[in-house]
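Some features that TrEMBL has for this protein:
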| type | residues | note |
| --- | --- | --- |
| DOMAIN | 10-64 | domain 'TR61B FKBP-like' |
| BINDING | 136, 141, 174, 193 | S-adenosyl-L-methionine binding site |
């Protein structure tokens with residue numbers, strides 16, 4: 001369906017998909033510029049051949065390879081954008097957004113900014129009347145998060161009627177030293193994605209509204225135990241409601257060998273099929 005779609009323009013983000021052997025897909029992300037080309041082992045495709053086309057069409061490279069061109073979704077963008085630290089994956093971000101139950105117009109505190117993946121999803125969730133405050137202790141991560149956020153917003157404005165909200169404040173500061181900032185701040189939810197979140201709890205909890213949710217993203221169960229120990233030892237006013245691991249499984253359905261003169265279907269699972277990010 002092309003209703004409501006606008007053609008690709010210079011400055012747009014385009015996602016090229018190449019179907020490969022063994023039912024895998026190579027995804028290439030680029031920002032369209034009139035004088036640039038999309039190049040790889042499958043040949044080249046000048047950006048000028050993409051500009052003016054509607055998303056969802058298949059174009060051929062110089063070697064005849066078919067590429068599906070469309071605008072990337074937000075989860076595809078955060079998986080392919082430049083990264084410093086490891087990002088929170090979209091499957092985990094979706095679970096966190098469900099947990100904290102935020103709405104348009106809410107204010108959310110995030111620590112740390114990382115590469116900006118969580119910031120982008122929070123930005124969309126709270127909308128133009130909402131507010132995201134994102135703390136980051138490392139300057140390189142802080143700058144990268146701002147860059148990725150601005151890059152997405154600029155491309156969004158070109159391909160859509162309404163602009164992406166400018167509702168994230170990126171702050172370069174150690175959250176454990178920001179107690180004075182928190183005194184004048186009231187937030188609807190908190191998301192902690194940092195190395196030692198237990199050091200931030202005593203600082204951020206006064207800003208969280210009564211009954212609000214603080215979601216913590218941790219890499220392993222040892223860190224979870226350290227966090228719970230901190231809450232108990234310092235008698236912090238938090239109740240641990242749930243601890244979950246989010247799993248994601250891809251299914252592959254493809255034609256199998258003909259049996260008794262009738263085609264049958266073969267179903268199998270594939271895990272960890274995501275391509276590494278491309279620069």
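Glycine too: its Cβ is placed from the backbone N, Cα and C atoms.
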S-adenosyl-L-methionine site, defined by 136, 141, 174, 193: further same-chain residues with Cβ within 8 Å of the Cβ centre: 111, 112, 113, 114, 135, 137, 138, 142, 175, 194
Residue counts (helix, strand, coil, in that order) that DSSP gives for the domain 'TR61B FKBP-like' (10-64): 7 helix, 26 strand, 22 coil
Averaged pLDDT, computed only over the residues in the domain 'TR61B FKBP-like' (10-64): 94
Residue, out of the binding-site residues 136, 174, whose Cβ gathers the largest set of other Cβ atoms within 10 Å: 136
Those binding-site residues listed as 141, 193, and which of them has the most Cβ atoms within 10 Å of its own Cβ: 193
Largest separation between Cα atoms (Å) of residues that the record links to S-adenosyl-L-methionine, namely 136, 141, 174, 193: 13
